[in-house]
Every structure is written in structure tokens, then in C-alpha cells.
Amino acid sequence: MTGNSDKVRSLFLTALMVFSVFAGTIAFSGGAAAAANVSVQQAAEYDSGTVELALNGSTGSPVTTGDINIYIDGNENPSNYGVSSVDTTDDGTTGRLQFSLDQDVQPNRNLTVEVSGLTGGDNTVVAEDIDVTSQTIDADDDSGDTNAFRGEVLAIRADGGEGDADDATSSTQIVVEDSNGAVVTQDTYTANSKVYTYETENLDTGEEYEVTVGGTADENITISNLDLNVNIDDDVGDGANIDDTDTLAVNVSTTRGGEPANATLFNEDDDKVATQIKSLKGNENVVFDFGNQSADDSPYYVKVTDNQTGVSAESDQINVSESGEGDASFETSTVQDEVGDVTNITVQMGNTENAVINVGSQNDDNYVIQGQLEDDNGDGEVTVQFNSYTAGTDNNNTVLTVPGDDDLDEVEEKGSFTDSRNSLDEDVLEPQSYSINVTAGTSPDVTSPDTVGTLRLNENSVESMQTWVAPSDADIDDEDIDIYDRIGENLTQSDDVAVEDVVVHEIQASGIEGALEYEQEDNGSSDVTDAFIAAADTTPDRINDDTSASGLQLYVNRTDVGANADADPINFANSSSAVTVVDDPDNNTYFVALDTEDVEFESGNTITEEEDTEINATFSVQEGPLTDDSSSESELYTTSERNAELNLDDDGFVTVGAAAGQTVSGDTNVAPGSELEVEMESESEANPFVERPEATVGPNGTYVATEDFSDYSAGTNFTVQTLDVDGDSDFSDEEDGRIVEADTATVSISDQESDGSEVVVDSAQLSSGGFIAIHAGDASGDVVGNSEYLEAGTYNDLTITLDEPMDENFTAVAMPHQDTNGNEEYDFPGDDGPYTQNGSAVTDSANVTVSAEEPEDTPEDTPEDTPEDTPEDTPEDTPADTPEDTPDTGTETTEAEGPGFTAAIALIALVAAALLAVRRDN
């Protein structure tokens, strides 16, 4: 008996067979629709508006222009696309129909042809989605090379190998080979066709290919890359994951410009949503903006087609979701700063790009400023900068700003404070708490803000000043080096400054950031240095009474001017090349650097090496717009002549050994971090030489130069002097030097156990005294301990206490060091370099096993108790109990595996049931 479902299935199959019989008269995409026994085997548009239909038989009678209808993108017989003529030979009766259009069809268009008036049966044939080619290659014209972009569809017109295109048959072969002769395509022409459509998508860019038709005619095709790119860009739209209030847009670029391109937006069902046509620009982005799109049809993608070549590219998927209710909040509900500073207020946004912020309250504070924020970069937050120094002035664009990619519009100040403050000379906002609020959206009328917070403006003050020194060639404002990273390298705290070095005044003061910001953004200062000098009064009133509006003052005065004379201040206008300011407003810190070589005082005098100069630097915020109470800090320092002094031995010589790694040291007052040279020159006939090793000044003013004297003989004399940063030889006195037999040392250390607090060196010999240092790991490892000063001589079983106990095994490297500065204190690194032999440090190494001390009573307890208990109890219990318990244990183990076994049986049962059900159905 046939079931109902089988009956339905039979009816469906019967209907499908009947439908397939009639389907022969219905159009087929890209190919054939039948009219009687005639169908289209291939269709192509080529050669600027020529259309070929290759039929499987004759149309019976010639096709005329009136028998042909043209559809472009679904539009019937559009203007400019009329059929101008039908080929007199290939009029359909030969099985080939060729006709010409009034206008070339671009490769990006959809072309459909309907031919009627055929004899016999249904008299209409339709060819849909015809291949529209961008270039035509005539294989018999020997035209040479054809340049094509990868992805173009080409038409290759045949000649059958006999020089006459009419001779092409279905056996005519077309072969495409690469430059190495490898065949990439081998095919034949369709019956009744003289045109072969060839897609270049799979060819390699930069390659040349040879086309052979019928075995004789050749044509070369060179493939280039159009480099058509469709990118989802946050700069022009809102990205790949957006909501229905965001902008859907793409950036399109190509290597060739000037040609139009068609951009089509498709939804998740591949339905066309919108189309735009724009001309592309070579290597420049062109934006296609499709505005807001519905979340219902998400995801979307954009397909862009170059109209001339037909080359296409698609964007990645763009997801559109429904927008939720927008909200805005503050990252921190309470923000604190000082009056006069620039305060950062970070606003966070959800489901919105816009928010309105209010700082202050017109009712409570008599001042409010409002602005509309836009999250242009789509990161969900906008940082607002509020300048309390300029608040209330006419130019409110300096009060509320937004840095970076985000945007700020519709800024407006209100309140009696704004009405009364007409210039920066008048008082700024009072130090107190101000309300702040933010609301999602763009409406300025805020009655119920999303979030309310507090801005606490405290009183400003000058906290401290101290001076640092830097080398004369230091580039203080180098953006690649953080000024704090210089500390300990080439920035050292000191009140003794060598002439030509840089003195850096570190000022810690709050409430001055806003004035500097105003000078840079609105008053023409090119950088923070210009802004600082413009904002601060640098000249006493007795010289110039043009005080600054901010009340900031920086006086740097020479004080050693003698009796009955005023201090001589630096003329900052004439010393502009000497001044550099580096600001750190987040920490209320400002570094004002002065190059002492270029400083000029109001008297016209400069800082010279002929005499010491005493200077008093004072920074203050005077009573005025920024504060009701003045505050200031000062620092005294002295400049002195640059000098260096070499360290000599007891005989008054700079003495080195005839070996590698010899050191020459000295002391100087120039800034630590300065790069000096020590010049050593011998005019000896036997051993003439000039050596100039470099030496870096250390934090304590010492410097050490290291040189190899192993090629020179003991007994050679030389002269030595220290050269300044600029190579100046007058920097130090010239001293006498001599080469003596090289100092020697030996050391021996063995593998050992230790509690980690000390190591024992077996033996050591130091020809000139010094120290034994212990390095961890290898010779370049950290020094973890050193001996006391050792006189010249030999030592055995030398115990060295480590700086910190070691808690695990390590390799100890023993290394003898010299006492190069003669102070009998270990000063390495810097001074006290190691003894060397053949250019390498003298060392020996050993493995140190760190072990804890074992408790004394543990070994005694273990043997007394355990042997006595075990034989008495265990043998009696084991035979009696264990045999009876073991079977139970085995049973329990089997049961423990039961659930897994049951699951396997259940699975088999299910399979069996399924097979039984199938059998019953059959």
C-alpha cells in the first residue's frame, strides 16, 4: 500500500517532469531559452556594442532589427541602446546571429536579449545575463600586446588558423600559456560562435600570457592589478558593527583614477538596497555613504564594480543592530583640580554618539558653560578639557575644548560671572565645588540629566623649586626622551653648575596650566617655551612695568653684584636661545632649562669662566586674577669655571700597566652624563702613540677612561690630559704618565655548600691590592658580595659575606678588582675595575649549593618506633582480613564502571530501535 506521503511525492515528481518539459520555452540565465528546437548555446557582447548569439540551429528565416528587444538592467529598449543593424550573413539562418547596438554596453551592466519572429513552434528565444566583455582581441591582426586588469572578461575573436574569421569551427582550439610555456587554459570555440569569452580572474598579475588560436595566430596579454579595494572605515562611517542610527559607509580606492564605478549595497538576502555611481581617484579614497540602514536586513555588504573593466571587489560584512536608548555618564563622578588649570573630564557614552555637557550652574554658581559632544572616533567616550583660567571671557572656545578625533559644537557660557568678566586681568572662578552634568543626545534643554557629578576647584599654589644640571650638549626637549628618564643619566640634582652646562629649574606649581594653554592656543605662542615666557613676568617693575595678566613671575637674578646695587636679572628676550621649557601639567611640574653659555643679563653681562656667579631663581604667583594670596619659591645656585683633575699616584704620575683594560680616572665639576675624552700621547721613538678613550662623568663627578696598553712596553712615558665635551684641551692640566709592568692577580674557588649567606674563596693573589668581588651567574652578572680592601699579597680560604642571602643554588664567579681611586672602598662600577689578563677579567667560578640545616633529632625518632610497630601488628591483621575484603573491593570496582557500560548498551539499543523502525516502514 502506498502511503499518503509517497502519493504526494509521486504527484510532485510528476509535476516536476511535466514542468521540465515546458521549461524548454523559458529563459535560462547566461545561456539558452528555446524557440521550437532552437536554443542559445552562448551569448556575448564584444567589440563596442556587437552582440553574438550562438544557436544550436537555424532560425528558419533571417532575423531583422525589429525582431530584437534589448533589456539593460531590466529596462526594455532603453534609449541609446537600439539595434542598429543585423549582420547580413550571420542573421540567424546560419545558426549564428550577430547584430550591432547604437552604444557599447559597459561590463557592469546586465544585458538580456529577446529575439522573436522565429519560424516553427514558439517563435521567441531569450538570452539572459549575457557576458559583456571589456576588450576584444583579434587573433589574426598581429596587433601585439594587450594590457588587461586582473578580473576583466576578454573576447577573443578567432580566425580558424586560415586568416579568415569565418572559418572558425567548434574544433578550433584556443590555448593560453604563461611566460614559462605552461598551459593555463586549453579549450575550443562553441559551435556557431566566433567569439571566446575569457575570464582573467585566475591569472597572475605582472605576468605575460601568450594566446594561440587555431595553432598559428599569437597574441600577448599582460596582466596588471587594478587594486580595487573596498574598506569599512571608521573615518567615513561608523565601522563594521553599527546600529540603525549610525552611518554605513565605505572607502573605495584603486590604482587608476578618472573612471566611474558602481557601488551597490546588498542585504543579507543579496537583494539590492541602494546604488551609487562615482568616479574613482588614483590611490585616493572615494567615500560611498549609504546613510542609516535597518537592522532587519542585516548584515550588509557593498560591491563595487569598475565600469570600464568590469572588475569588482566587495567589502567585509557590516552588521547593523537596533539602537538602544542612549545614555551618558562620567568616568569619575568627582573631578578635582586647581583654579587656573585645565581639567580633564571624561564622558562615557552608550548607544549614542552625542551628548550635552554642562559645567557649573547658572542658579547655584552664577556660571555655566554648555557644549555638544560628538564621539567621532566611535570609542564610546569623549574627554572634555575645561580651562578655568579663561572661563567667563568672551572667547569661550578656549574654555571648553575636545582634543583628538572627537568633536565639540554649540559652546555657550551663561551667568552673571560671564557678564562681569571682560578680560583675563579680572579674577578667575572662585575655588569651590561646581556641579557638572551630562545627557545623551543633542538637545540643549536639559531638565533631567543622565548623570550628575562634581568639579572641585581647589586653591592654586607654588609648592617648591629645585635645580638640576645637565651636560652642555643635552637636548632637553627631545620628544623621544622623557625628562624623568634623564634623572640618573644626564640630569642630576645640584646647586653647583659648571659654566656652559644646562641648569634646569624644576618648579612644582598648580594653577598655571590654563595660562600656558591660552598662550599656545589663542595668543600665538608656537610652543610651551614661548607660552611660559609670554605668560610669566620675567622682568622686575623697576626695569619694565609691563606685568603679565596671569600674575605669574619668574625672576632669575645675579646676586653677587656688590654693595648698593640691585640684582641683575636675566633678560629672557635676549636669551631666547638659552631657554627651554618642558611641562608636565598632570603632575603640576614645569622644567625651565637655561643654557648658561647663552644667558644674558639686563646689564648686558654674561656668565663667564673668569669668575663664579651667584644666582637666585624665584617663581611666584602674585595676588591677582589667579589667587588672593601670593606664593613663591626660590633656589640659589652658583656657576663656576669648568675643570677636571686627573687622579695621580703617590709619585705624581698617571700610571698604567702594559696590559689591556687599564683605567685612568679623575674628578670634574661638569654635569654627570657629560661625555669627555682622556688624551694620552707618547712621543717615544720606540713606542709613539696617541690614545683618546671616552669617559662618561658619573653621578659623583668622577670619570674613568679604559684603554688597552698591551702593545706598549713598560717604561714608556707619555702625557695625559682630559678633553672637554667639545674637545677643548684647556679643560684640565697636562700630567705625566708612565707605563709599568702590568698588575697581576689570580683567584681560585671550588664547588661548595653554603647556607646562602657567604662563600669561601680558596686562594687569591693581588699584586697591587684591591678586592675580591662575587658575581652571580657569570662574569657580567650582578655583584652579590665583595671582600674588604685587601693589601697586595696572597690570601687563602677567604670568606666573603654576600650582600643578601641567596635562597637557591647559584654559580659564584670570583673576580679580583683593583682599587683604582685609592680610597680602599669598593666603588665598582665606575672605579675599581677588575684585574685583567690578555684583555679579559681574571675570574674563576664554582657551583654553590644552598642547603638548609637539618634538625638533629629527626634521624633518632624514625628507627625507634616504626620497626617495632610494623612486625607486631601488621602480619597478624593482614592474613585474617585482607583475603575476605579483596573480593568485595573487586565487586565495587566493577560497579563503579557500571554507568559508562550502561550508556554504551543504551546507545546500541537506540540504534537497534531505529533500524527496526526503518524495517517496519519498508
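Yeah, the Cβs are placed from backbone N, Cα and C, and that goes for glycine too.
The feature compositional bias 'Polar residues' is assigned by Swiss-Prot to 835-850. Sequence-distant contacts of the compositional bias 'Polar residues' (835-850) (same chain, six or more residues past either end, CB-CB distance under 8 Å): 659-661, 708, 710, 743-756, 759, 766, 770, 775, 778-779, 806-818.
Taken from Swiss-Prot, the feature compositional bias 'Acidic residues' covers 853-887.
What Swiss-Prot lists as compositional bias 'Low complexity' is 888-899.
DSSP classifies Asn56 (N-linked glycosylation site) as coil under the three-state reduction. Taken from Swiss-Prot, the feature N-linked glycosylation site applies to Asn56 (among others), supported by sequence analysis.
Other Cβ atoms within 10 Å of the Cβ of Asn110 (N-linked glycosylation site), summed over all protein chains shown, number 14. Under the three-state DSSP scheme, Asn110 (N-linked glycosylation site) falls in the coil class. Under the heading N-linked glycosylation site, Swiss-Prot lists Asn110 (among others).
Residues annotated as N-linked glycosylation site in Swiss-Prot, with sequence analysis given as evidence: Asn262 (among others). Around Asn262 (N-linked glycosylation site), the C-beta neighbours below 8 angstroms that are at least 6 residues distant in the chain are Asn108, Thr275, Gln276, Ile277, Val304, Thr305, Asn307.
DSSP gives Asn292 (N-linked glycosylation site) a coil state; it is part of no helix or strand. The Cβ of Asn292 (N-linked glycosylation site) lies under 8 Å from the Cβ of Asp244, Thr245, Asp246, Thr247, Leu248, each of these being in the same chain and 6 or more residues away along the sequence. The N-linked glycosylation site annotation in Swiss-Prot covers Asn292 (among others), and the record cites sequence analysis as its basis.
Feature annotation from Swiss-Prot assigns N-linked glycosylation site to Asn319 (among others). Other C-beta atoms found within 10 angstroms of the C-beta of Asn319 (N-linked glycosylation site) number 15, with every protein chain shown included. According to DSSP, Asn319 (N-linked glycosylation site) sits within a strand segment.
Residues annotated as N-linked glycosylation site in Swiss-Prot: Asn396 (among others).
Over all protein chains present, the Cβ of Asn523 (N-linked glycosylation site) has 15 other Cβ atoms lying within 10 Å. Swiss-Prot lists Asn523 (among others) with the feature N-linked glycosylation site, giving sequence analysis as the kind of evidence.
Taking Cβ-Cβ distances under 8 Å and a sequence gap of 6 or more within the same chain, the neighbours of Asn557 (N-linked glycosylation site) are Ala567, Asp568, Pro569, Ile570, Ile615, Asn616, Ala617, Thr618. Marked as N-linked glycosylation site by Swiss-Prot on the basis of sequence analysis: Asn557 (among others).
The Cβ of Asn587 (N-linked glycosylation site) has 10 neighbouring Cβ atoms from other residues within 10 Å, across all protein chains displayed. Swiss-Prot lists Asn587 (among others) with the feature N-linked glycosylation site.
Using a 10 Å radius centred on the Cβ of Asn700 (N-linked glycosylation site) and all shown protein chains, the other Cβ atoms total 11. In three-state terms derived from DSSP, Asn700 (N-linked glycosylation site) belongs to neither a helical nor a strand segment and is classed as coil. The N-linked glycosylation site annotation in Swiss-Prot covers Asn700 (among others).
In the three-state DSSP assignment, the secondary structure recorded for Asn717 (N-linked glycosylation site) is strand. Among the features that Swiss-Prot reports, N-linked glycosylation site is placed at Asn717 (among others), with the record citing sequence analysis.
Residues annotated as N-linked glycosylation site in Swiss-Prot, with sequence analysis given as evidence: Asn847 (among others). Of all Cβ atoms in the protein chains displayed, 13 besides its own lie within 10 Å of the Cβ of Asn847 (N-linked glycosylation site).
Annotated region 'Disordered' per Swiss-Prot: 816-899, in sequence order.
Look at Asn587 (N-linked glycosylation site): DSSP puts it in a helix.
A distance of 44 Å separates the Cα atom of Asn700 (N-linked glycosylation site) from that of Asn523 (N-linked glycosylation site). The compositional bias 'Polar residues' (835-850): residue composition by secondary structure is 0 helix, 11 strand, 5 coil, according to DSSP. Of all Cβ atoms in the shown protein chains, 15 besides its own fall within 10 Å of the Cβ of Asn56 (N-linked glycosylation site).
Take the CB of Asn717 (N-linked glycosylation site) and look out to 10 A: across all protein chains shown you find 13 other CB atoms. The Cα of Asn110 (N-linked glycosylation site) lies closest to that of Asn319, out of the glycosylation sites Asn319, Asn523, Asn717, Asn847.
The CA atom of Asn847 (N-linked glycosylation site) is located 93 Å away from the CA atom of Asn56 (N-linked glycosylation site). Checking each of the glycosylation sites Asn56, Asn319, Asn523, Asn717 against Asn587 (N-linked glycosylation site) by C-alpha distance, the shortest gap belongs to Asn523.
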